[in-house]
Every structure is written in structure tokens, then in C-alpha cells.
């Protein structure tokens, strides 16, 4: 069979060892067996290839070997080994498995190994051959195009390691490389494109002619693999088709170049580096995106980026970059990381500049730290015959998604330059030449996204042939004379955001005629999301009225369109042209090809952009068709009616395209704004473009000197800062240039009014709104008009610095603000690549041709440390400003917040009244609202400047009415500290304000004021605080409600300011933490059971996706809760628990209820969560990257839980993809959460291994790793960080397989991970103690296996020593008389215990010893003071305690408990603490010894006179003496002979102790029994309801709750424990 096989042989390293052809299997067998004699032939392939080709190889080889036997020697063996496919096989383990197979089958050094497969098989098997028996012969039989042209040629073999790809390997040349192009017939199209990347690469570095062939024949080359060859057609030249010849020539051409290079430089010392063009960056991208994105796809992007680096260095022209881009796109390869195939991947978020540069460090081409990249000088040639050293800064600039222009005077001044070809003229010329007859050479064609889209579309329609000359400088168009075809079925013409192309092609597609060969009924044109919003309705309406069949496939009036191939009828056409002149040009361009001559009448008001219509008519005339515009015979006035004859365009031999006049405005404006000179060639008075008038009509009027000839324009700017505003300029004839004019007007003195630009609202974005919003960031005021805007210029020095400009993916926005940034420092232009639409090399030309330095900015790194437009990590002492409607309770909230923080409260209105010595109401009455607002603004500026630390400042409700005040507030929120919007239901506000009379009344309905201000409140604030529903004073609330409000205000502001973030400490290493998933549609349904529901958990998850208001139930289908309803739910929840909130919006595909496609709405709700100050924000990493970055930049004290949910069951914890997800989540989150689904028990072990491995990484983030389903419950038990739990009282579980907290504790105990501990009470007598009841009840409720028991001994002796030394010792309570005696047994004391001088709690703590071993220390603490403190703060607010007129407290007694009481009062900030003891000397010793003679402690000997001495400020009393030692009688008398001693020393308690009446007060009696002591009874009998009594048993409970948490790390379930203890206590009484 071999003699009938025609092969093309390529020489490498002096041997013709590369054999290329079709259907070569018989030829391969014959060649190998004939020329490589061996005892054993081993073919190694993977399971994918085995299915397709293994049987054929086995049949041919066995037959050939059978025929070769019988000569006295043993028959050679033919062995096959099939291994798993994919990169995971290309490992040390995979190599060892093959070697073991060879050894088991007694293979020897004469063995011949055949590698049948793609690059993985070739690399792996080649490395085995290089090392087995110190090297055996092998042959490469590649089955993919990528392997044929790349990995199989050159002798490189390698395996991967966890540290990178191909890091262990050898150079080992194959004996043969058999290239069977017939294998490509079974190759998926994507894999073929994958290989074509290497083919294009080779032509780009070596052979321009080959490149020209590739860029011209993509369709034919694809066709060659899409048509299977029958009966081995192609094996011989005689049976080979033209398509097969083309395919083979492409492959051979590419291989020949690489073979030549390898022959010269086998070991990759210089020249061979050239074949790595695109690989330096491509490999870095591949390292992040593998295995989802293929090697060739990554290299394709790498080639473009490396070509852009060459362009940035001034070596490669934009023509070269454009040609390379078009060629790669022709083979369906991505050319940018913004390609949807890339950008939609979660892993794409890891493509940061720092990450890519870090990966590029490990590149075999590098010389030490210096990175080397292959630099193109032109298509087909490289800058050096090796890779070139390129600085990191240059690479980073190209990779970065944003740019920073460094202000300065252009170093190339005077600048002389040309701009790219006009986009408008380029697109018209492409359509005209394609529809024309003959050949036209287009020169100075714009090489941009827009023109590439137009060319690609015309190609899809088979409307013309395109070829390049002059190194890509000239496009040769062979016109199709109007002959167009419907693209194949399923093929849509994608136009991106190219508006011109969309509108022109809408009419072009009507010219398509039906053909019997059509596989589709219509032509579909579509675009990106923004293009699908841009209007095309008027054009479609006109074409439909003319008989064209056009349907809107999605939104009415926008793309995508389905256009029937019925031809254009012609005749009378009416068109509304007030939105876009492109509609007019679209019909004009196609009109000659209609069935009848066309009369086009423009209707619907003033025609927009008439110069562009004139341009179209002028160009049509150049191409041989003259359209005429009618005039009014009576007046001679031009009418909006055009007559276009039938005909065919005649292509001129050469057509020179003008430079783009819109683009020329940017360098000219830079000259104007920097006071320098710029001359633009090829743009002058003879230009077809209206924007050519910009220099004269705008810049000259602003004070520039403008010189203009027919073909040249020069602008000389005035000295910097001396531009003048233009009172009014109509830019209707140059609308695209208005953005440039706006940027310049921002620094011109005065007000510039720009009119005639209404159509700019429907361009790539709403450009008028975009300029207004972005200029506002610089502090520039603007006014939006119906058809334009006014810009109020400012001196350059007054504009804000450090602005990040959002460009809306609009090239003109980006370039306009780059003009402004030449004089404003540290301006960042986001989305820098959007300029590729019209001036792809703008940033390079700005630096290389104009002389303004440009830096790259990695937004991912920038946002990781905060954003200029987001909330910064401010100083924790930064003052907090409160804004909101009058009547929302700003003063109430502010005073409580200031008190909780220990800060100063300021009411701005009172501050104003004091400073101006006039009341607000009177000021408004005398001078009016304008004067008041100005005074208010000045006060605000003063407060920001002078009270910026440790203040809570409440501002007037109308502060946001003043634009300048809004700017001050936004600036403060962005860069200095929090601005909190205090909100309250509007109906309550109205009720309050209608009754309030201290402030001036509104001059309009309150509801109207509210609606106007509400958006401003949101705009100016960083956070929202929802004030309690109801009246604003705690006096109108129950004590529990008042305490809840105080606690929430304290929690919110301490968390917000970072004074005490409300985050769970159990997230720390070696701790376990849990959150309860609330599954209620209204959280208030949980409140009756909230204590039980929250037992043991560290946080509550608010499932926002499950929330549903009453109104939502009226909606059928998906519902999304409103922000106001969510805020209300958070506010309600805050009033019943202080636990941190995990704020979650889970979509349906993630196991939730939120619509999957509502990403924008999800991000809006997540932002609302941050504004509400939630502690944890669950952010799914599949959300848009930009939205995630914004959340991260605004998170403040909140923490991000970066999560990934895969419910499919397809995610495997030991697969590379999971680590990808972890890396992405780790970069954006404080906590990482990955959730899969377990099918088997083993899936949990894989999860556990993964968690353990990432936990060892440096700087590892806390990880929530969970498997869903019943089989995954083990993962929930073993997870340590914020495990989601359910509860039997919940209506349903949030996810399948969820367990309760109690169930998990039981399981941990059974697994030995939660050993039972013993706890004790040391003391005597202790038989009636409630402590065992307290703690054992808590243990039982939480499912903890511990036990608390009494250990009553006479002294602190051996029994206690043995107990505390036991391994299972968990802790102990200590009571009298051992609170001092136990101290010598302890290793250390807490500060509180040290100060108080007594211990009531022993805590064993695990420590790491100096030698790394684990040890235990015993810590002594005192929780009595905390019990006392809690009992007081539950009844008194901080402001009740720290009153302006002074505060006083009384402690009765001088023992250890008295010390704890004094310590508690001092911690609360009580001004003066009076100490009374029957024996005064003991009290004096206590003050002197324990508190160092603290002057705020005063010993008194007369309780009767204490009320007089304190001046009526005494509102806290703590008694620490036994109840039996007190009496309410004036002289004590013993109740029995047994009490005589105690009574003799009794304390007489006068009623005057309770004289305080000015607010809440509290009396605490530490006596354990009776529950109502004489002191508490006296307080009750004093006749004042403001005194609250606290019995000793309550303090016992409070300090016991603290002990419980210190020992277990869990909050004690207070309600049930307290009820149980009190029931038993009262039963004892």
C-alpha cells in the first residue's frame, strides 16, 4: 500500500524524518517496521484517540508483522497501552505508570515506542522514551493540528509538576514524525482553531507570503477539514482535492519553518526562541485558565498582547497588529481577555497584571529576572533573531486594563502627526467598494474594531474579496457588484458595539437574494448588550414599509434583526432622520441596487448631522453614482428629498481615506490645554467631515491660534490656564467632537453652552450623561439641556485629583478624558481598550508621538486596597456625620452613639445658632432660606476641617439641598470617614414634623421634600441606619425595647468605626464557628423563638433571596425583594439579636430562589447590605468582576465571604478547577466558601484533603468547604469555619443535608473531636449553689458532652489540685472562701482578676511551648464585675451613666465582691464612686491598696447624708454585704440569737439613697438570698418607679453566662437557662 502513498518530506537536523500526507496508517506501519527493526513495538495513546484510530493501527501492524515472520527469528511484538486523556496524565505518576507497563512486559533498549495522540501524549511518551533504558527510539504520530505543527516537531519532551508546566523533561528527537492530515477530519472545530494559532504564529514571525495566504483563505482551510474524505481520497496526489492540497500546504509550510529553526538551534539558545512568539504572555494566561481555555487560544491572545508591546516600543505599526488580529479572528480564535469565552470564566478574574508577571518570571527564555519576549518588527519578521529583553513596566502597561496619563507639557512639542483613517469614511468605502465592480485599493483604511467588524460581515455575506498589499497598508477590494449570500444556518453576523456597521448592514442585508443552496431563511445581525439597546427602529420601519421582511428578535427597535433575502424594492421611501444620519446613509449607499430607482424623503423634524449625509453622497459620486438633493423651485431652498438612480458602483483604482477628524480633536485639544502646538496632516478645510471644523469653531473661540489649509490644521494653545469659555456653540455638524469640547471647557474660565448634540444620548452610551457624571468627579458643575449641556469651567488648580473615570466602553469618552488628564494629576482612565474602536494605538501615540507619558493601571490591584469612588478604610477615630430628614431621630441616635463610643456629640444646627447667635427659625425668617443654606454650608466645612476626629455630628435635613454641600459630603465619605443616612418610615416622619414647631416649617408638602432629598441622602452617604419604628425617645418604649435600641446603636457605630467590629472570634484558627440559615420570608416570624433558634451559633444568615413582602405574594413568578423591604428586615433583626449577619443572595442555580440572570439586581442588594453595615457579605464569584471589585472597595469593616456553589455534582475536589475557584475567591474574600455535592462518602475525604492542603498555604484565608446532600453531611461536621446549620423550629432547611448545631456537636463527640470535659465549683458551703443547674442546662441545650459538678472541700488542697491537673479538666468556678487561696495554683491572672485581687473563674488554655510542643496553662479570671456591669447596662444607657452634670455610684461593703463592683462602675465611666462600709478603715484600705488611692473613689461614713453630698446624682447602688447584714431600721435589732453578731455590724439603709428622680436608676444587691433583700424592698418602697432592682441571683446568672462562654467558646442560651435556674432557685426559697 505504501507505494501508492504520496508523502511530502520535511528535513530536520539533516534527516528527512517528517513525513506528511493523508491516510498514512499503512505507510507508517511499513516505514517503521522496515527502517526501525525491533523486538517490541509499543503504541501508546489515550482513550479518546483509541476509539477513533487504534483498531486501524492494530489491524495494519498485526498484518504486517504476520507477513514478516517465518525467517527463523521470533515474531516482533506489537503492544498497545491506552491511558486517560488530558493534562493530568502528563505527570510524574503518569510517566511511572507507562514505565511500569514497559517493565512488566519486559521491554528492552531495542524497543520502539509510538506516540499516537495530541501534545500531551507526545510530550509524555517522548519523555518516557528519553529516559527508559537510558533512551529508546520513538516516533511521533500527532493527531491534532496543534501537535502536528508545534509539539511534535523539535524533540522537546516534558511532564508537568504542581509548580508549572513542562518543568521536567528532555530534548529527545523522534526517529519519525508522521503527519496524517486525515486525522484532522475527526478533530472538533475548536481543536482545529487551537492548532491554527501556531500556524499563524509561525507565518507571522517568518513568512509574510504564507501569512497573506492564511489571512485570505480561512474559509477554504476550514472547509478542508469539514468535508470527510472517502475511500482514502488524498493518499495519493491523484486523489487529493484542492482543499486537501491547501490544508497540507499550510501544515507543511508551518512545519518547515519550525524544522529549519530547530535545525539551526536545537537546544533553544537563541533563534529557536522565535517560535515562542505569543507564548511568554500566552503561557501565563494558560496557567490561570487551563484546562478550560486551550493552549492555542491562550497563545492567540498572547500574540496580540506581545504585538501590542512591540507597537508600544515603536517597532511594529498598528497595521501589523490589525492584520494579526483579523487573521486570528478569521480562525475563530480569541484575541483579548475580554472575549466572552474568556471574560465569562470565574478564573478570568485571576488575570491580574501582578499575577501574569509573576507567572512570567518562571519562563525558560528569561535571563535571570529579565523577561524576554519575541518582538515583531512587521508581519513575517522579528526585531531580533531571538527573544528581546522587555522591562516589566512595558509589559504591565500593555496588560493593564486602565491607563494613567502623567500630566505635563508634550515633549514632542511642536507636534506634527497624522491620525488614523476616518471611521466614517472607512466604513462607507468598504461598503461602496464591496458593492462595486472592479478592484479598488483602499489606502489609510482605519485598522480598528469597527472596520474589522464591517469587513468580517461583508466576508460572511460573500459580498467581496479582500487582500492586502504594501505590508498591510493597502486593502485591495474586489467588488461583488451587489451579489450577496445568506450566511449558513446558525451563523449570526456579530457586530459588537459597532453602530455604523449595524445601521449600514441592516440595509445591505436586504439586498441579499435567495439561492437554492441557502441553508438558512434569513440573515441575522446581532451585537453586544449595549448594541442591543441602541436604536435602529426608524430605519427598520422605513425598510419594512418598502417591502423588506425584517423582524426584531429581542427588544422592539433594536438588534438583533432577522432580515429576509427578498431584495430591496425601491421607489418612494420615507425615513425619520432626527435620531441618526446613519439611517439615511444606509439607504443611500444601497439604493442603486434596488429594483426601482429610489426617492428618499426625510421626515420627523430636523435632520441630524447633515455633513455625514453630504459625505455619503460625495463618496457615492466618486464611485460612479450621483444622488441628487431636491430644491424648492420657488425659494431655491434645499429639501430633505433625495433621488438615487439604479446602477452599479464603479470602483476607482485607488481611494485615499481621509484621516479621522473626530480623532484629530484629541491631539489638537491637548495642544490647547497644555499651551503647546500641534499640526494634523490630512485634515483641513477640504475635508468631507464636519468635525474638521472643531479647531476653528471651538478651539479658536476658546483662545487658541488656529491655522488651517485645505489639508492641514495647526493649533497653538494659550498659556496653561488661560482658555476662555464659549458662551454658546452649536455642534450639530460635529457632534462626536462635543466630548472633546466638554473636556476642554472644564478648565476654561466661564460657562460654555454646547447645543445640537441630542443624538449623542443614543451612541455607545448616553454620552451627555456620561460626561456630566464623570466631570462631577473632578468637581466640575454642569447643567443638562434638552439638546446639549452647559459646563461651568474651573481653574485647573481647583479640580479634584485622583479621579477614576468610568468610560462606559466608549472610545470617545476615554480619549476626551485623556485630554483633561494631561493637566490633572493621578487621573485613571478605566477600560483603556475601548479606544480600539477608532484609534487602537492612541495610548502609544500619546506617548511616542505627542510626548505625554502613560502608565498602565491594574484595577484589580487598585481596588484591592480601596477605590477613590468607594468607601476607604478610614481612621477608626474619624468623625461620623449623620444626615437624613428632620424627624428621623438623628439627635437621638447621635447622642447614644457618641455615648457608646465615648465621643462628643454635636448638633450642627445648635452649633450654627451658637456661632451666629441667632436661632435657625429666626435666621430663615430674617434672611431667607438662601442665606441659611450658605451659612449651613460654611458650618459644614468648618466641622469637617476642625471636628474630624472622635465626634458624632448630626446635620440638618436640608444640608443636601446645596450642591456644594453634597460635594463636601461625598468627598468626606470617599476619603475620610463614614456618612450615615438615618432613615425612618415617611409616615412617622410626617406625624412627627406636623407636631414639631422649633424649626422653620417647610414651604411645600413634606412628602415632596422627602422624595426630592431621598436620592441625595443615598448619594452623599456611605451607610444607612434604620431607626427603630415608633417614637424616638426611650421613655415611650419598654425597658427591653429601649435596651435593644441602645444595644443596636452601640453595635452599629462601634462596628462601623472599627472601634469594636462585630465579627465572630470563632473564625480564628483552631475554633469552630456556625451560622444559622434563616429561611423565613419575613424574619419577624422567627422572633418568638429567636433565643432557641440562635443557641450555639455565631452568626445569622439572612437569605435575602427568600425574603418576600406581602406585595410580593401578588406577583406570579420570580420576585426580587425591594431594598426598602430588605433594610426593614435587617432593622427588625437587629432589635432582637446582636449576632453578626451573613447577608446572602443565592440564585436558583446555586440552590436559592433569586433569578439567575438578575446579576445587576443581586449586586444592588449586596451593595445595600454593605450600606446597612452587615458583618459578612456572601458574594458569589460568578458575579461580574467589576461589581465584585466595587463591593470589595466599599466593604469597610464588613468581611466578604467569596463563594462558589456547584450543585451539579460534577465538581471534584481533587480536580484543578477547584483550586482555581479557591484562588479567585481568596483574592477577593476575607473568607472563602466552596460548596459542592457529594455522591459518595469518598467525596468528603477529597474535600477534607483539599481543605487541609490549602490551609497550609501562606496567608491562607478561613475556608468554608461543604458538600451538599445526605452523603455530604460528614463535610458539615468536619468543617470548622462558619458551618451553615439549621434548627428544628425553622420552616425548612436552607440546603439539603443541613444539620442542626446540636446534631453536629453530638457527631463531633462521637468522632472524638469534642471530648467530654469536667467542670467544678470550688468552695464551701456550696450545697445550694445554682451553678450546676446553670451550666449543665446550657451543656444539654447545646448538645455539649460536658458535666459540671460541686467539689466542696475544707481548703484548697490535694482534691482541687488533682481536679485541675486532670486531662479532662474544662474549668472551674471559685466561691468563698477560696477566691484568694486558689491563686497560687494558677499560672497567670487576667488584668481584671489582678486588679480586683480575687479569682472566681479558672480557665485552662492550650499554648504552644518554646519547643513547639502543646501545653496547658491555668488562667484566673473574675467575672463578678462583668455580671454586675451587665445587670446595670441592661437598664441604663451610657448617657444615663455618664451624665453631663456628673454621675455617682455607691458600693456598700469592702470585701472581694466590693472590689469587683468598684471595678465594674469604673469601667462604665461613673464619675465618682462612693464606698461605704460599717468599718470605715476597711473601706479606706480597699481604696488605697486595690485602687491606688484613686481620687474618684470616696469613702463615706454616713449613708443618710450621702444624698446631700452627691447633689442628687446618685443613680447606681451596689451592695456586696449579706442581706442579713442590712436593715432598713434606724438602729438594727437582731432577729435571732444566731444573727446577733451580723446584726450588730448591720448597715442601716436610709430611704434618702433613692432620692434620684431625673432618669433611670438601678440598685444591685449581690446577696444570693433572699431574692428580695431589705435594700431592694426599700427601693421599691421609696415610691419612685425610676429605680430598677437587681437581685443577686440575676448577677449570678450574668457572671455564669460569661463563664460558660469563656469555657466553651459558645454563648450560653440565656433564656432557657435563666428560666430553669430561677424556677429551681425559687423552689428552694
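Glycine is treated like the rest: Cβ placed from N, Cα and C.
Note: TrEMBL annotation is automatic and uncurated.
Among the ranges 68-89, 90-111, 112-133, 134-155, the one that TrEMBL lists as transmembrane segment is 112-133. Most Cβ pairs under 8 A with the domain 'Enolpyruvate transferase' (418-846) among the ranges 81-193, 195-366, 1321-1402, 1442-1510, 1592-1617 are made by 195-366. Mean pLDDT for the domain 'Enolpyruvate transferase' (418-846) in this predicted model: 92. Counting residues 6+ beyond its ends, the domain 'SDH C-terminal' (1592-1617) has Cβ neighbours under 8 Å at 1066, 1071-1072, 1091-1092, 1095-1096, 1317, 1319, 1330-1331, 1334-1335, 1337-1338, 1341-1342, 1344, 1346, 1370-1371, 1373, 1400-1401, 1403, 1421, 1423-1424, 1426-1428, 1430-1431, 1564-1569, 1571, 1573, 1625 in the same chain. With all protein chains in the displayed structure included, the most crowded Cβ environment within 10 Å among the binding-site residues 46, 87 is that of 46. Candidate recorded positions: 90, 1233. Fewest other C-beta atoms within 10 angstroms, 90. Under 8 Å from some Cβ of the transmembrane segment (112-133) lie the Cβ atoms of residues 32, 36, 38, 40-46, 49, 53-54, 57, 83, 85-87, 89-90, 94-95, 98-99, 102, 139-144, 146-147, 150-152, 155-159, 166, 168-172, 174-175, 295, all in the same chain and six or more residues away from its ends. Cα of residue 144 (NAD(+) binding site) to Cα of residue 1233 (active site, schiff-base intermediate with substrate): a distance of 38 Å. Ranking the binding-site residues 120, 184 by how many other Cβ atoms lie within 10 angstroms of each Cβ puts 184 at the bottom. Straight-line distance linking the Cα atoms of residue 87 (NAD(+) binding site) and residue 1233 (active site, schiff-base intermediate with substrate), rounded to a whole number, equals 27 Å. Shown in sequence order, 144, 145, 146, 294, 295, 296, 297 are the residues of the chain, 6+ apart in sequence, with a C-beta less than 8 angstroms from the C-beta of residue 194 (NAD(+) binding site). Around residue 144 (NAD(+) binding site), taking its Cβ as the centre, 27 other Cβ atoms fall within 10 Å, counting all chains. Per Cα geometry, 90 is the residue among the binding-site residues 46, 90, 120, 184 nearest to residue 1233 (active site, schiff-base intermediate with substrate). Across the domain 'SDH C-terminal' (1592-1617), DSSP helix (H, G, I), strand (E, B) and coil residues number 21 helix, 0 strand, 5 coil.
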